[in-house]
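Q: Feature list, courtesy of TrEMBL:
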DOMAIN    18-76  domain 'TECR-like N-terminal'
TRANSMEM  81-103  transmembrane segment
DOMAIN    151-304  domain '3-oxo-5-alpha-steroid 4-dehydrogenase C-terminal'
TRANSMEM  162-180  transmembrane segment
TRANSMEM  192-211  transmembrane segment
TRANSMEM  252-277  transmembrane segment
Amino acid sequence: MQRLGRSCVSWTSPRFPQVEPHATIAEIKNLFTKSHPQWYPARQSLRLDPKGKSLKDEDVLQKLPVGTTATLYFRDLGAQISWVTVFLTEYTGPLFIYLLFYFRVPFIYGHKYDFTSSRHTVVHLACICHSFHYVKRLLETLFVHRFSHGTMPLRNIFKNCTYYWGFAAWMAYYINHPLYTPPTYGAQQVKLALAIFVICQLGNFSIHMALRDLRPAGSKTRKIPYPTKNPFTWLFLLVSCPNYTYEMGSWIGFAIMTQCLPVALFSLAGFIQMTIWAKGKHRSYLKEFRDYPPLRMPIIPFLL
């Protein structure tokens, strides 16, 4: 193994035993780790070209477009952390941060408001909805989601937590503020928004269950997702990522319910990010499956 700078390594050195043609990329990573323990397999990216895409762990050496001698290039992905740990950290923070403002713990709104309760029903309803959303996410992380990649860069957890925790605190501060005023159209607006929120939460959960059933446990199999007998999954007829569509709908409902600017801004930021993810996944589907349904859009039916 010969290092080519900080980020590339050529698999040509006689210091390593000969790699069998039927060896997988995962086996090569494990072999590399034996001599370089600081670069554990999840931290490695092996490529056929320094600027190319990372090879998959299940790729077999003899099936790659190489001759009798293969040169693999190594890139250090940096310290890694499991997706489960990242999600649990991301979602636990907003859940407890919001409750600190809801219960008006000391030093937030002033001494006379410590542990007081809002007189507005919508404030209590908003707390229930917000808490339900993140409890649902935590349970899905533990019992529903199956991740195609086991880890992500450690640095991402700080960025993601800043986003989720920061917005949670900003929203909670205004919604639970002693001077908060209810929505303009009162109970009718709140009821409509609650219906949107509940429907979209059920839809989001239904899509996650449908996606889970596509991939057997321990497998990285990829299939085209199709609607099931569950009506909430029928959105697959029109979009590639209905989980993002329902997620966006939930936050729109929450924004209407609370009539709070920070919630609207959080919804907008989330929509932009989810649109980027949806477009990427949509392109991946089109590239991988020739028979992919042509009418589907990434996230919004007929538009986007």
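Backbone N, Cα and C atoms are what each Cβ position is placed from, and that goes for glycine too.
Heads up, TrEMBL stuff is auto-annotated, nobody curated it.
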Q: Mind checking which residues of the chain, 6+ beyond the ends of the transmembrane segment (192-211), have their Cβ under 8 Å from one of its Cβ atoms?
A: 125, 129, 132-133, 136, 140, 144-145, 183, 225, 228, 230, 232-233, 235-236, 242-243, 245-250, 252-257
Q: Averaged across the domain 'TECR-like N-terminal' (18-76), what pLDDT does the model get? Just tell me the whole number, please.
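A: Computed over the domain 'TECR-like N-terminal' (18-76), the mean pLDDT is 76 on the 0 to 100 scale.
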Q: Which residue counts does DSSP yield for the domain 'TECR-like N-terminal' (18-76) in the helix, strand and coil classes, in that order?
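A: Helix (H, G, I), strand (E, B), coil: 17 helix, 10 strand, 32 coil.
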